[in-house]
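Engineer: Once you've had a glance at the structure underneath, I'll fire off some questions.
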Amino acid sequence: MESYHKPDQQKLQALKDTANRLRISSIQATTAAGSGHPTSCCSAAEIMAVLFFHTMRYKSQDPRNPHNDRFVLSKGHAAPILYAVWAEAGFLAEAELLNLRKISSDLDGHPVPKQAFTDVATGSLGQGLGAACGMAYTGKYFDKASYRVYCLLGDGELSEGSVWEAMAFASIYKLDNLVAILDINRLGQSDPAPLQHQMDIYQKRCEAFGWHAIIVDGHSVEELCKAFGQAKHQPTAIIAKTFKGRGITGVEGKESWHGKPFPKNMAEQIIQEIYSQIQSKKKILATPPQEDAPSVDIANIRMPSLPSYKVGDKIATRKAYGQALAKLGHASDRIIALDGDTKNSTFSEIFKKEHPDRFIECYIAEQNMVSIAVGCATRNRTVPFCSTFAAFFTRAFDQIRMAAISESNINLCGSHCGVSIGEDGPSQMALEDLAMFRSVPTSTVFYPSDGVATEKAVELAANTKGICFIRTSRPENAIIYNNNEDFQVGQAKVILKSKDDQVTVIGAGVTLHEALAAAELLKKEKINIRVLDPFTIKPLDRKLILDSARATKGRILTVEDHYYEGGIGEAVSSAVVGEPGITVTHLAVNRVPRSGKPAELLKMFGIDKDAIAQAVRGLITKA
């Protein structure tokens, strides 16, 4: 254990005074807003005071400085006390706290990154610790810096499985630069938390997950100072026994006060009572950090060379992804890869082989994997690429949604999409993923159809802001592009055209190749079709689609290895809605599939070359 230097009585009293000022600010802000969670703030007041004004090292006027210690408020509903901390530190004006939750203020009801001191958005509970793990992993293994990471969790969110995924991850990777503080205030939103104040059980659970676990009185600044000063040979959990509404007579420890601001008259009485306990108005200055984090530049990362494929050769886009990522890894040591124990299927194992120190095995914990990536990406320290079966990203949709709210720049590659994976059956088939990722506000959705396009998608994703999703397929398909083909986000490609095309057919991945095969069948009948590769499903190349449709008598046929809802067909329909003389016909998977050979399943669900040819004939006959 490190030697513990007990703060003198003056410092301890100053920390107590700071905690009470944080309480007062939280109460004032929530009362002014008419909403918020003052009692949840009050249970954490001493924790926040000791953390920010005794333990943490940071530049108070530069919250995102790369050398600073990191803090994640996983119990995001306690945002007012986070804002109060930064006012106490001098970064925010005290008066700004009274604008909490106003549309004109950046002080949202829960933390968001438009605030310079917030790295990741929280409020959807159970996700903060995973992001903190990503920050700690980056600090220990990539930056090799001395900054530490602190995460404050509520006891209610400890029912979330994602918390324990993160606990396991931190232990496996020996994140001794990570401290989780559990604010055990006994009460959840509508009922007491399941373990209430059974502190020994919390301790045993943390220890079982490989953490150094310390029980403290969460309202004793001295005990907190001592706990934060303990040994750092493994991740540390400080299990703080606290009381919701601490310091408020008649409210402390009582149920039914969650998310309820105090009426003005009541707030004034409470504030007067708390204020009477403050002995000094003197503020504690933040301690600056050790400046040993390396300078990092992740802008404009480019492939070291063009693709090296040969037209006509066959490769699965999932394998092309692995090769492309490994190649991009040679362009920057800040390209990192994460996988959920599927690296031999997603082919991220190629990256691991070439860059073992930058590969993070997250095991079968997809929610945590996404949170880890978000943490790794904070402060522009890395460019993360996560991979697993596309179907399994659906489990992490809330984490992906919160990543968008966090303004995070992460890249997710989902393999094994659609019925074309074959015999493994419907549990492994991604048929909802396009709908899911299209709905995310900051997303770019790549759907490459050959090895060249896949390599370009990886390069573009590394340089595109927001959430990038790359959809890859299991079957091997022919290379259709030359290695020097230029690709851009939102730019589709015309793969096949003639002056007398009668229908525009839009497919991607496996179905693009089926469309090309259908074109060969139809050509024998003297029917020409135009074949489009959208490349990105979001954003969609509306202009090229409209131009092609107008050149083919207004007829568009979309074909996709995905359910009807939310996929390529609906994206195209939305793009052309209101345009006169244009009709869109959809071919897609229309029910829960089954096991079978890929060709059998494509035929069964009407998305193979024969179904496309038949649909084209039907459209022409209608005319």
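Backbone N, Cα and C atoms are what each Cβ position is placed from, and that goes for glycine too.
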Engineer: Given that Swiss-Prot annotates Asn185, Leu187 as Mg(2+)-binding, name the residue from Asp143, Asp155, Asp217 that shares the site.
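Structural biologist: The candidate from Asp143, Asp155, Asp217 that Swiss-Prot ties to Mg(2+) along with Asn185, Leu187 is Asp155.
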Engineer: Which one, His77, His330, His513, is listed by Swiss-Prot in the same thiamine diphosphate site as Ser40, Gly123, Ser124, Leu125, Gly156, Asn185, Lys244, His258, Phe392, Gln428?
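Structural biologist: It is His77, as the record lists it for that site.
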Engineer: Pick from His37, His258, Arg318: which of these binding-site residues has the biggest number of other Cβ atoms within 10 Å of its Cβ?
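Structural biologist: Top count of Cβ atoms within 10 Å goes to Arg318.
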Engineer: Have a look at the recorded positions Leu125, Asp155, Tyr275 and say which one has the shortest Cα distance to Ser345 (substrate binding site).
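Structural biologist: In terms of Cα distance, Ser345 (substrate binding site) lies closest to Leu125.
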Engineer: Using the alpha carbons only, what distance in Å do you get between Lys352 (SUMO2 cross-link) and Tyr275 (phosphotyrosine) once rounded?
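Structural biologist: Between the alpha carbons of Lys352 (SUMO2 cross-link) and Tyr275 (phosphotyrosine) there are 57 Å.
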Engineer: Which entry in the list of binding-site residues, Asp155, Asp424, has its Cβ near the fewest other Cβ atoms, using 10 Å as the limit?
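Structural biologist: Result for the binding-site residues Asp155, Asp424: minimum number of other Cβ atoms within 10 Å at Asp424.
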Engineer: Is any of the binding-site residues Ser40, Leu125, Leu187, Gln428 within 10 Å of His416 (substrate binding site) (Cα-Cα), and if so, which, in sequence order?
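Structural biologist: Passing the 10 Å Cα cut: Gln428.
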Engineer: Within 10 Å of the Cβ of Arg474 (substrate binding site), how many other Cβ atoms can be counted across all chains shown?
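Structural biologist: Arg474 (substrate binding site) is surrounded by 23 other Cβ atoms within 10 Å.
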Engineer: Looking only at Cβ atoms, how many others are within 10 Å of the one on Asn185 (thiamine diphosphate binding site)?
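Structural biologist: Cβ-Cβ neighbours of Asn185 (thiamine diphosphate binding site) within 10 Å number 29.
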Engineer: Would you identify the secondary structure of Gly123 (thiamine diphosphate binding site) according to DSSP, in three states?
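Structural biologist: Where Gly123 (thiamine diphosphate binding site) sits, the three-state DSSP reduction gives coil.
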Engineer: Filter the recorded positions Leu187, Tyr275, Asp424, Arg474 down to those whose C-alpha lies within 10 angstroms of the C-alpha of Leu125 (thiamine diphosphate binding site); answer none if the list is empty.
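Structural biologist: Those close enough: none at all.
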